[in-house]
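See below for the structure under consideration.
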Amino acid sequence: MTVSGDLPSPAVMTSVSTPPLLTGERAVVVLFIACIMFSLPPSLLLPGGFLSFLSFFALCVEIRGESSGSLSYLKTRPGASSGILLGAVTLPALMLSRLIQLSRALSLDEIELREVDYLQMQYWAASVSCFAVLIFLSSVIWAAPGSSRSHSRRVLISAKFIIGCIVLIAAFYNISPNGMSTTTKLMWVLFHGLATVKLMLHLLETFPSCSSIGETLLVTAGLVLYFGDISACTIAKLHGYWSSSELAFVQNGTRKNEISTVIQGLLLGLLLFPVAFKFLLHALDSFPSVTSSGTMIQNERRRSLIFFVSFGLIMFVVMPLWMQFVQDFQKHPLLWVVDFVFSEPAKRLSLCIYWVCLIYVSVRRFYYISKNSKTERILLRKYYHLMAVSMFVPAVIFQPKFLDLAFGAALAVFLTLEIIRVWRIWPLGQLVHQFMNAFTDHRDSELLIVRQDIHFSLLLGCALPIWLSSGYNDRPLAPFAGILSLGIGDTMASMVGHKYGVLRWSKTGKKTIEGTAAGITSVLAACSVLLPVLASTGYIFTQHWLHLFLAVIVSGLLEAYTAQLDNAFIPLVFYSLLCL
């Protein structure tokens, strides 16, 4: 700290405030994008060109933001890099990889053109969402808060954001040949961008110090795209109220099976429920009350009663009505789920019993170890990764549709428990909070445990590649992307690196070369064992071993270098590379 009037020398200022331009994480992301660019067919050169531009723009924003420190007011996770580049390219790159995969199917007449058109629309929605956030962040960097002209600079931020959106609209208009429907497409894409910026700022303010910018960008862009898909399903059922030509892009590709509709309904209800419950609590707090100890207990139990009644109303009445509307179930969706489970009772009920027994034994054992052992929590958390492998691999091979539904049910349970924990709902709130704290580390927040390995990140990391592969899939290893990268690669890298690691990738990091080598080797070994098993069940391996080797190396290097939420980013990157 300098005395007033004294300034450090330029050399000192440069060494302290300027981070390195080339980091390991940035190099891995560039390699990831390059792999996708080299796999592009001629029909996807335009989306590929925009992804390249988006990557360069994100790199510039990340470098400028970290060097200037002007994004510190966004209240991101302390000690973590911004992750803007990785967060901005992951979802668009994933969509582009799926487009490359579907283009192969289209050339073989295995899918219809409208499926490719709808996925391409989702690609542009994801890209515009990330592009809108980058425009907003660049505007914030350019007009740093706290200056004497903060008001005028905020006006300039808004103006620059609007101008950027207008330029994007004009560019998108030029590439679309469909007259009247173009306006609807532009409004649809622009809505995704504006909603992503708004939701991102809301999450950073509501859950301060819980995530980096890149992590928040990935979550918000994914949520907005998910809600956009739900809206498309609903609009597709209401298309008779509008001209079908204006909503042709919505009607294309929105046909879903019953399992996808049930999962969407469950998650939609759980994501909307906190908003409704918060409104009810505000209405309850508006009435005057006496703050005695007995009254506080009564208020807590009344609050709990309101929670469970409203939860049951939304999840068992409102959302099933939406499911029946969009899918035309012949019976109540929950009854359909029961019939689906009992359609193959020997296999599916046996699998359920196996899961319940494994979860009970594992959780009971690991929780005891966490309380009575000196085993480090990072290793204890990796045991759950191994448990995920033993749970999910048999189901992916022999009961993939049932696993899709089981993942949705498990995620619904975890979301419910997290809502109960955050709101401290009697009588389970405190118990759930104490249990979750047994597995947290320095990266978790007291307010929101998003990194819990037995919670959202591990479950979503394993589930998303399986859900994304529910349609056409000519890469049999793609559904296993989360299980292989997290359950095997990440686990072996952590265990070997912790016990035998000597050579570190960087002076400040904890990841070791030995751990990364162990992770890459273990994934390749698991693939060599898994492929003959898949071949015996009818799957055909159509991917070259060189491409598989490159995908494993890139995802392994990303695990070594990234400071972001690896349980979210690594499976998506690995899945994207496996689709090529």
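Heads up, the Cβ atoms here are built off N, Cα and C, so glycines get one too.
These numbers come from a predicted model, not from an experiment.
Summarising the annotation, TrEMBL assigns transmembrane segment to 28-61 (among others).
Positions annotated as transmembrane segment by TrEMBL: 82-101 (among others).
What TrEMBL records for 121-143 (among others) is transmembrane segment.
Residues or ranges marked as transmembrane segment in TrEMBL: 187-204 (among others).
Sequence-distant contacts of the transmembrane segment (216-242) (same chain, six or more residues past either end, CB-CB distance under 8 Å): 76, 83-84, 87-88, 90-91, 118, 122, 125-126, 129-130, 133, 188, 191-192, 195-196, 199-200, 203-204, 250-251, 254, 256, 261, 264, 267-268, 271, 322, 325-326, 565, 568-569. For 216-242 (among others), the entry in TrEMBL reads transmembrane segment.
The transmembrane segment annotation in TrEMBL covers 305-325 (among others).
What TrEMBL lists as transmembrane segment is 345-363 (among others).
When Cβ-Cβ distances below 8 Å are used as the criterion, the transmembrane segment (383-399) is approached by residues 344, 347-348, 351, 355, 358-359, 362, 366, 406, 453-454, 458, 462, 466, 479-480, 483, 486-488, 490-491, 530, 533-534, 537 of the same chain, each at least six residues removed from its ends. Positions annotated as transmembrane segment by TrEMBL: 383-399 (among others).
Positions annotated as transmembrane segment by TrEMBL: 405-426 (among others). Taking Cβ pairs closer than 8 Å, the transmembrane segment (405-426) reaches residues 259, 262-263, 266-267, 270-271, 273-274, 277, 300-301, 303-304, 307-308, 311, 337, 340, 352, 355, 395, 432-433, 436, 447-449, 455-456, 459-460, 462-463, 466-467 in its own chain, all 6 or more past its ends.
Summarising the annotation, TrEMBL assigns transmembrane segment to 447-468 (among others).
Annotation source TrEMBL lists transmembrane segment at 480-497 (among others).
The transmembrane segment annotation in TrEMBL covers 517-539 (among others).
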Long-range neighbours of the transmembrane segment (28-61), counting only residues six or more past its ends (CB under 8 A):
84-86, 88-89, 92-93, 96-97, 99-100, 103, 120, 123-124, 127, 130-131, 134, 137-138, 141, 175, 550-551, 554, 557-558, 561-562, 573, 576-577, 580
In contact by Cβ distance (the transmembrane segment (305-325), the transmembrane segment (480-497); 3 or more pairs under 8 Å):
no
